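Pulled from TrEMBL, these are the features on record:
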- 97-564: domain 'Amidase' (DOMAIN)
- Lys136: active site, charge relay system (ACT_SITE)
- Leu185, Ser211, Ile232, Gly233, Gly234, Ser235: substrate binding site (BINDING)
- Ser211: active site, charge relay system (ACT_SITE)
- Ser235: active site, acyl-ester intermediate (ACT_SITE)
Amino acid sequence: TSAALTLLGGSVAAVVVWKWLGKKMIQKKMEEARKTRDEGLKKMAKAVQQFREQVPSVQTDAILSLPLLELTERLQEGSLSPKTVLYTYLEKVGALEVNQQTNCLRHFIPECEEQLQEIQRQKEKGLLYGVPVSIKDHIGHKGHLTTCGLVQHLDTLMKEDSVLVRVLKRQGAIPFAMTNVPQSLFSYDCSNPIFGQTLNPLNHQKSPGGSSGGEGALIAGGGSILGIGSDIGGSIRLPSSFCGLCGLKPTAERLRWMVWHIHLLNVGLCSCPIPVPCAVGPMARDVDSLALCMRALLCEEMFRLDPAVPPIPFNGEVYCSSTPLRVGYYDTDGYFPLPPCMRRAVKETRRALQAAGHQLVPFSPPRIPYVMTELFMKTFFADGGRAWLDVLAGDIIDPSLKPQVNSCKTPRLVKKMLALLLKPLVIPPPLKDVAMISTCRSLKEMWDHHHQIQAYRSEFITRWKELHLDVVLCPVLGPAFTTGYPGKLLTAISSTMLYNVLNFPAGVVPVSTVTEADEEELKLYQGCCDDHWDRKLKQAVSGAVGMPVAVQCVALPWQEELCLRFMKEVETLSREK
């Protein structure tokens, strides 16, 4: 007996030591990653200082204030040099503390200086000649990591540029920074255990949104003029909403961002072969910048590098059209009622569009609670979250993900019992807890699930066509949440999630800011049933006076140009107001 107890004690001690060593190794890897980032930022600061000594008379503020279209014009005609523009933005990121204030950068790309030389050797100036561009962490750049905020990805450097980066470079752009993301990309906050929490530059108590939160913070802070994000549930549109930017989620297949041979799990959730696809798209200060970026990316080089991308060049005629539009609209989807200011934004925009000669038609998206729980969430938790937990295995879990991780770890039997016990309490109010979402228990169920998504898309398009709509105006989640709250309200993203399930192009445009009156009205907000979730949402968005308020613009698949044209109309009317 004593021998058995000794053996057991030794085994327990060995396990404890093994776990301790594993944790120490993780801590060491994270420290090394942070050290590498800091050294890169120091290198950036040194390069900026050397440039400043050579060219002391640069009008920094004048360059930073230029809209992208005007900047590209100056670069093309030669009245501004790519070097001056690049170092002006590098200085804004480093010396003027955008990154120090918000922690938005994951890494500086020192190869930007090589690209600066390369574009001067190109025979023709591309559409983005000399434009500094920031890219989201998981968009592959040769010689750099694609971490997705995961320690297990700190060992593998990309061997080549992703398709999207290659096209950007061919068009003369200069990728200069990779931006921070939430751990595993599965959050609309922006925090991971390696590089920490990114803050909203407009209010440091608020989140910049996610998962393209580093992009949102960098562009809103003035440190980048054009960024590339990705979106699988709102990850371009939510940071755009929270940070007061314009952002476009195209039809997923319209652009390609991966290197063909990347192993799926090496880039996190965004590349998984699932029926709700990940889209990559631009983020910027205005709609014209998004249109220019799409025009540049939808070129022969993109179609040559990836034959799976349909060879559909950007249709400038559609974007520049002034034909009156037939616009469907709604200010709530009936699942997660949004704060008063977001609904006000839709109503004011609807009135402005009507006054400008467009035809406005009430539109009601069908069965959103069903879409959220049975289609969207079931896509990611079809296996009860096991694949996601495998991605996180061996990592320190970020606090923002702990509610979802704990839900996934709840045994299936316990989930079933909870679902039975809570069903009377959550019907008719929509089911909002990840722990309650059912899984696919067989291959047949999974095929049925895929079919249900296709059937819903057909139902939605039929309703759209019956009303003869061109586009739809609707709300987007906002204003910016206080940091830490997105992880507690995963299912609040129904407004953006819907258009990932449908795979429709959708964009966000800021149209207003939160007023004192909005804040007063928020005190009366009860959501759909004044439950725990509604009260959490109320807490998340409070204290946001002065923060951006946006709307969402949607078009049918492959009609990015029409979506952008509608966004431009909304932007013009809001600026006139």
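From the backbone N, Cα and C atoms, a Cβ is placed for every residue, glycine too.
Please treat TrEMBL annotations as automatic predictions, because they have not gone through curation.
This view paints the features noted in TrEMBL onto the structure.
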residue: Lys136; record: active site, charge relay system; contacts (Cβ under 8 Å, 6+ apart): Met178, Thr179, Val181, Ser211, Ser212, Gly214, Glu215, Gly227, Ile228, Gly229, Ser230
residue: Gly233; record: substrate binding site; contacts (Cβ under 8 Å, 6+ apart): Tyr188, Val276, Phe376, Ile493, Thr496, Met497, Asn500
residue: Gly234; record: substrate binding site; contacts (Cβ under 8 Å, 6+ apart): Tyr188, Val476, Leu477, Ile493, Ser495, Thr496, Met497, Asn500
residue: Ser235; record: substrate binding site; contacts (Cβ under 8 Å, 6+ apart): Leu185, Tyr188, Gly210, Ser211, Ser212, Gly229
*Rounded to a whole angstrom, what is the largest C-alpha distance between any two of the residues Leu185, Ser211, Ile232, Gly233, Gly234, Ser235 that the record assigns to substrate?*
11
*asked:* I'd like the number of other C-beta atoms within 10 A of the C-beta of Leu185 (substrate binding site), please.
replied: 27
*For the binding-site residues Ser211, Ile232, which one has its C-beta crowded by the most other C-beta atoms within 10 angstroms?*
Ser211
*For the domain 'Amidase' (97-564), provide the mean pLDDT of the predicted model.*
91
